[in-house]
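Participant: The following block contains the structure, expressed as structure tokens.
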Amino acid sequence: MVPVVALVGRPNVGKSTLFNRLTRTRDALVADFPGLTRDRKYGRAEIEGREFICIDTGGIDGTEDGVETRMAEQSLLAIEEADVVLFMVDARAGLMPADEAIAKHLRSREKPTFLVANKTDGLDPDQAVVDFYALGLGEIYPIAASHGRGVLSLLEHVLLPWMEDLAPQEEVDEDAEYWAQFEAEENGEEEEEDDFDPQSLPIKLAIVGRPNVGKSTLTNRILGEERVVVYDMPGTTRDSIYIPMERDGREYVLIDTAGVRKRGKITDAVEKFSVIKTLQAIEDANVVMLVIDAREGISDQDLSLLGFILNSGRSLVIVVNKWDGLSQEVKEQVKETLDFRLGFIDFARVHFISALHGSGVGNLFESVREAYDSSTRRVGTSMLTRIMTMAVEDHQPPLVRGRRVKLKYAHAGGYNPPIVVIHGNQVKDLSDSYKRYLMNYFRKSLDVMGSPIRIQFKEGENPYANKRNTLTPTQMRKRKRLMKHIKKSK
């Protein structure tokens, strides 16, 4: 499960600035959910290939009378949902009563907490943080988030070791594996099949969406249609339920974020605070079903969730629920709105269903299987290079400073989502429009449906870079003869 890091502290201590620093590597959108957590942002970040979800919890305000009375209920829940807390204080303002009250609450939760003193630029860090040792949270990590000072150290010496302890990462030398395959192809040898068979694994399917769009009804309808015995397998995140099931001989694991089996135990506050569980379900899934309410249309919250799904690279099936009972005129209007607002997602299948009555539900799994198969299909280097060559023949890359961009070869860089790595010269100068052309060409040629496809470009190294242009003895003799000839002709 993808770990969650929460940034907490008083207002104006620099939480949002640090949040932007942490998430910039993924260009993360940041999913803003108005109405649920108006002052809270969620984003994806990465440390040395390890992803985590970062939460900016907004300011927790309070006085010496007791900060707990001022804490927003959802901020407390954010701390509960997080795996680790970065407690931020303002080194310039010094120790405040609100800091002490927040620290007291964090100590009572026994949650892994790291104390981060921000705004230390221009100060002696050792002197600036002395007072904060009174909070009893151990070592203090001074940073200047606005300038980036100390942030890298915070990542490398605090978050990374903690994440390694949480889930050690298996190291795979992907470059060595690729070059071994490439060399084998050059020598005319067969590509060796690896042991990975995606068809033998269950498809992890997450059903996500806003509250009250019919996620629970759809989950119950799917399980009811199957007539199989299911059991709850609680995940590491509270109230997320993993439900194994089988359909048409294929195994699935339904990831239900609505807590349908523990509904009676969930308070209204926890039910509303489903954002963390939803984001973790997306990260953990192979295919995501985004459920939209046909009567309410596409909301900003739907688009935020959609942005997170796309950034995660997950396969996608869009489900428009509550389709029954709508007039033909309203249905046409809904379809026009979908085309207008979701036109940029041309790879995802859209289904119109009624989870309550079961109409259209049976067709969903065909699209789920198609999306999963597209995202996990293995394609060889020779095939990808051939497709790239055909794309270049159909539409030449643009000229850059009078020289044509040269694409040399392509190979697979990963799966789920499919990643195509293209090597060439001056590829960094390719326009966005040509990159989109290549992406669409690969999608059409490989018949990828239901899954995003990503293309990465790698610049070829110039073997003569930083080398002096020294002539060989033969070249020197030719040059002398040429100069003599030129002088005679004059």
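Every residue gets a Cβ built from N, Cα and C, even glycine.
Sharing the features that Swiss-Prot gives for it:
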DOMAIN    3-166  domain 'EngA-type G 1'
BINDING   9-16, 56-60, 118-121  GTP 1 binding site
DOMAIN    203-376  domain 'EngA-type G 2'
BINDING   209-216, 256-260, 321-324  GTP 2 binding site
DOMAIN    377-461  domain 'KH-like'
Participant: Determine how many residues of the domain 'KH-like' (377-461) DSSP places in helix, in strand and in coil.
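Facilitator: Each residue of the domain 'KH-like' (377-461) counted once, the result is 32 helix, 26 strand, 27 coil.
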Participant: Sorry to bug you, but what's the C-alpha spacing from K15 (GTP 1 binding site) to G209 (GTP 2 binding site), rounded to the closest Å?
Facilitator: 28
Participant: Which one is it, among the binding-site residues G9, N12, K15, T57, T120, that lies nearest to W323 (GTP 2 binding site) by Cα separation?
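Facilitator: Nearest in space to W323 (GTP 2 binding site), counting only the binding-site residues, is T57.
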Participant: Is K215 (GTP 2 binding site) helix, strand or coil when read with DSSP?
Facilitator: helix
Participant: For T120 (GTP 1 binding site) and N212 (GTP 2 binding site), what Cα-Cα distance in Å is obtained after rounding to a whole number?
Facilitator: 46
Participant: Just how many other Cβ atoms lie inside 10 Å of the Cβ on T57 (GTP 1 binding site)?
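Facilitator: Total other Cβ atoms inside 10 Å, all chains included: 25.
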Participant: Give the residue from the binding-site residues N12, T120, N212 that has the most other Cβ atoms within 10 Å of its Cβ, counting over every protein chain displayed.
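Facilitator: Selected residue: T120.
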Participant: Between T57 (GTP 1 binding site) and N212 (GTP 2 binding site), how many Å separate their Cα atoms?
Facilitator: 24
Participant: Rounded to an integer, what is the Cα-Cα distance in Å between K215 (GTP 2 binding site) and N12 (GTP 1 binding site)?
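Facilitator: K215 (GTP 2 binding site) and N12 (GTP 1 binding site) have their Cα atoms 38 Å apart.
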Participant: Let me check the 10 A CB neighbour count of W323 (GTP 2 binding site). How many other CB atoms are there?
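Facilitator: Counting Cβ neighbours of W323 (GTP 2 binding site) within 10 Å gives 20.
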